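What TrEMBL records for Cys80, Cys85, His162, His167 is Zn(2+) binding site. According to TrEMBL, the compositional bias 'Polar residues' annotation covers 1-11. The region 'Disordered' annotation in TrEMBL covers 1-21.
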Amino acid sequence: MCDSHSGNRSSKTFKPKKNIPEGSHQYELLKHAEATLGSGNLRMAVMLPEGEDLNEWVAVNTVDFFNQINMLYGTITDFCTEESCPVMSAGPKYEYHWADGTNIKKPIKCSAPKYIDYLMTWVQDQLDDETLFPSKIGVPFKRNFMSVAKTILKRLFRVYAHIYHQHFDSVMQLQEEAHLNTSFKHFIFFVQEFNLIDRKELVPLQELIEKLTTKDR
């Protein structure tokens with residue numbers, strides 16, 4: 001929902017953008033979300049619209065956050081390399097090891113670009129699974145949908161955390177900090193509204209979260 005800025009840099013995504021089919025109900029929901037975001041009140045913008053299904057609202061926003069993070073990380077891939085980021089970290093205290101439960105069952109230590117590649121590919125596979133993220137009207141969500149969405153959002157948070165801790169200088173050089181802050185603030189308000197990420201998972205960016213959210217209480 002953050003529009004890309006002009007120029008090639010911002011349109012470069014790390015993975016292909018996930019599109020919501022035009023004319024679908026989810027597309028209408030996305031348009032509604034964009035319109036309310038424009039009002040500037042993020043607390044209101046993330047609330048479940050009246051009469052709408054919570055699963056569908058979470059699904060539309062999860063796809064949108066994937067696209068936003070995809071674009072934000074795409075702008076700094078030149079700076080996030082095997083050499084600069086040999087481990088996937090969020091500051092000196094937090095390190096993430098990758099496992100997806102199917103292809104890689106035992107968590108492996110890997111570089112940040114490799115971890116983020118695994119992570120974004122895994123998220124993309126979930127979003128492309130019609131049984132998990134149905135795009136057709138009337139197709140019900142699986143009973144485990146919310147737990148899958150929570151795992152996706154928990155993992156997407158780690159990309160924000162890595163960008164803020166390890167690459168914020170590059171983000172500022174590219175003059176993308178307002179874009180990053182707006183996207184992250186929207187993400188945090190959304191996960192707080194529906195209690196989608198455990199608080200202990202958010203600790204690596206706790207100070208920033210407090211700073212971004214206290215102004216809007």
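Placement of Cβ uses the backbone N, Cα and C atoms for every residue, glycine included.
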Using CB atoms and a 10 A radius, I'd like the single residue among the binding-site residues His162, His167 with the highest neighbour count.
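Per the Cβ count within 10 Å, the most buried is His162.
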If you take the centroid of the Cβ atoms of Cys80, Cys85, His162, His167, the listed Zn(2+) site, which other residues of that chain have their Cβ within 8 Å of it?
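Near the Zn(2+) site, beyond Cys80, Cys85, His162, His167, sit Ile76, Phe79, Ser84, Ala112, Pro113, Ile116, Ile163, Gln166.
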Under 8 Å Cβ-Cβ from Cys80 (Zn(2+) binding site), six or more apart in the same chain: what's there?
Tyr73, Ala112, Pro113, Ile116, His162, Gln166, His167
When a 10 Å sphere is centred on the Cβ of Cys85 (Zn(2+) binding site), how many other Cβ atoms does it contain?
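The answer is 19 other Cβ atoms.
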